[in-house]
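Some features that Swiss-Prot has for this protein:
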| type | residues | note |
| --- | --- | --- |
| BINDING | Asp461, Asp467, Glu470, Glu471 | Mg(2+) binding site |
| DOMAIN | 39-154 | domain 'tRNA-binding' |
| DOMAIN | 408-483 | domain 'B5' |
| DOMAIN | 708-800 | domain 'FDX-ACB' |
Amino acid sequence: MLISNEWLKEYVTIDDSVSDLAERITRTGIEVDDLIDYTKDIKNLVVGFVKSKEKHPDADKLNVCQVDIGEDEPVQIVCGAPNVDAGQYVIVAKVGGRLPGGIKIKRAKLRGERSEGMICSLQEIGISSNYIPKSFESGIYVFSESQVPGTDALQALYLDDQVMEFDLTPNRADALSMIGTAYEVAALYNTKMTKPETTSNELELSANDELTVTIENEDKVPYYSARVVHDVTIEPSPIWMQARLIKAGIRPINNVVDISNYVLLEYGQPLHMFDQDAIGSQQIVVRQANEGEKMTTLDDTERELLTSDIVITNGQTPIALAGVMGGDFSEVKEQTSNIVIEGAIFDPVSIRHTSRRLNLRSESSSRFEKGIATEFVDEAVDRACYLLQTYANGKVLKDRVSSGELGAFITPIDITADKINRTIGFDLSQNDIVTIFNQLGFDTEINDDVITVLVPSRRKDITIKEDLIEEVARIYGYDDIPSTLPVFDKVTSGQLTDRQYKTRMVKEVLEGAGLDQAITYSLVSKEDATAFSMQQRQTIDLLMPMSEAHASLRQSLLPHLIEVASYNVARKNKDVKLFEIGNVFFANGEGELPDQVEYLSGILTGDYVVNQWQGKKETVDFYLAKGVVDRVSEKLNLEFSYRRADIDGLHPGRTAEILLENKVVGFIGELHPTLAADNDLKRTYVFELNFDALMAVSVGYINYQPIPRFPGMSRDIALEVDQNIPAADLLSTIHAHGGNILKDTLVFDVYQGEHLEKGKKSIAIRLNYLDTEETLTDERVSKVQAEIEAALIEQGAVIR
């Protein structure tokens, strides 16, 4: 939002410089991103009057002008602008002057003719071509009103001004208007805010005699109103109004359109003006668009509408796309005489979806998306009527034609001075606090120690007590919050909690395994919200998301980790190994808080070990990813088991559930080839664990085991089994019959192919035996080995 200091002073009187004002506003929570000074780098710029114009004797495209610049004699200026003519008041840069871009004005000769100055266009004095009236796009600027030659041109243009650029957070939509900003500034300086004139001299003729309004979708359009103004004269708007629009980043068009945009900036209430005679009927019907319905918008583009779009119609044909853009045949033209002014409240979500789908973002749609102040809807329309009467010679019909309900102008919130003081450490009296609320334009009611604050609708960011406390702190001054030392009943030495200690251990293990920690957004698109979810539960969707990509709370960490991996690979960082510990969210019943669960996830793609001069290249595979997960289990003194599984988004043959005490706590697997290809990834492996579940079981420490004093033995066994039998089933059988001397097992070879029956595979397993109390004998080991082999044969294995 661009805030003109000259315009702001119309509502609130302050003596501070603009830089001091900007500093004060920033300190209270609205960041002033930039200060734009329209006088910067400009010197000796005056108003000139072109007394005569003659063709240059030696150049067809140049003119020799005699220009009165308020000095004793006119000066001669050679000008090449196609629209220069005698009798014009123009902008002149005098000799010795300076223009933006370091341009210095000197005496010169152009094709033999003396030139003592420069007649300027708006571009040449620093105005962006995007905001210049179309009539002056390719020539010099010509004043539409008489001026005094020699006076300061920037003053005559209302450009001797500084503009603050606000970087607003979404919750402060009230500051998207001059009046909203004026309320804020008045509160900071404890001064009064003056609102603009809105009262018109009305005709006896009623707007109700010429128009009816019907809303067919009040759930999407709670309120719609219209007023009628007759006999307007279409002409350029006053210079001061054009200047304010230019400084706000809007191109002036004509007085009627400019008044609509002016009130939008003034009140933050979007208006739309229809040519009453072009509407085609005496009724306005607001409804949802019909499927496949089409309309041509003001940009001469035919739009195909959806049933989610809101349209304004003449009873049959759409004449405007609500809150986004008007229709072409009802737009205000040079021949327009009678105006219908629309003021309405539209559903923010519907407007956002329509504007984004059609790529029609505008000043109006952005304000509707954030929600508008009900208190200003009718007032803004009345203000437009007053301005049309004053600057377009319009005749305002009495009465307002409306349908629906505006809704509450205020929201009452109860609070006490004690609550405020305890929260922010102030010692303010009840009167001090009431004064601050009154400074902000909030009415109050007092009942003993309870202050009922009547929050106006323009401040949609204030809904709870804590919001009121923040307002008191902002206006009183964050810098004035007293410094106090904390008081503790009991002082204890600091240390990590058990949870913090375990989390730190896991991070160290993963970092030691070569993974880097990532931190990603908790918000994902609605499509990704349930991707890889271990609990198929309802998602938590935001009511007013900033974008479709951040519309829901995640149920898995993997969607964003996949995005991060894809982002890195696209930038030639092809070996990606990442992990994240973060929260996921699951909805409960209506009115209940959601479940918030901490997860641990990882993603690996590319080479795990780079092929350098002293190392062998090792590409990421399933077993390497499983080894990373096993390191986590070992560090937490847990024992995972794995079970084959089918999980959406993962390779059907290379995916397993991770079990802890026979309960599923996670999964591991290769990203499905289609999903990997969609993200420009090669073979990629992921894992996800319910970290809360691990923490609930983990002891967090490993008992010390002395180094064995007696030697162990190893036996290898090769088994031929059906290819569908998982190795994990065989290992379970081995451990079940291995007694207390079988310490661990290792699958070191799997073979399928020649010399084996179709549908069979060979698995080689190493069994490690150890007795910590005595030396093992061959007979003892052979006996256990025989029991194991018998159990395996019973399971269907063939000993090779």
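Using the three backbone atoms N, Cα and C, a Cβ is placed for every residue, glycine included.
Note that the coordinates shown come from a computational prediction; the quantities given were computed from them, not determined experimentally.
Features as recorded by Swiss-Prot, highlighted on the structure.
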residue	record	contacts (Cβ under 8 Å, 6+ apart)
Asp461	Mg(2+) binding site	Asn171, Arg172, Ala173, Asp174, Asp467
Glu470	Mg(2+) binding site	none
Glu471	Mg(2+) binding site	Ile436, Phe437, Leu440, Ile462
CB contacts for Asp467 (Mg(2+) binding site) [other CB atoms within 10 A, all chains]: 16
Asp461 (Mg(2+) binding site) in three-state DSSP notation: coil
Number of helical, extended and coil residues in the domain 'tRNA-binding' (39-154), per DSSP: 11 helix, 48 strand, 57 coil
Output field, Mg(2+) shell: CB within 8 Å of site CB centroid, site Asp461, Asp467, Glu470, Glu471 dropped: Arg459, Ile462, Glu466, Leu468, Ile469, Arg474
Conformational class of Glu470 (Mg(2+) binding site) under the three-state DSSP mapping: helix
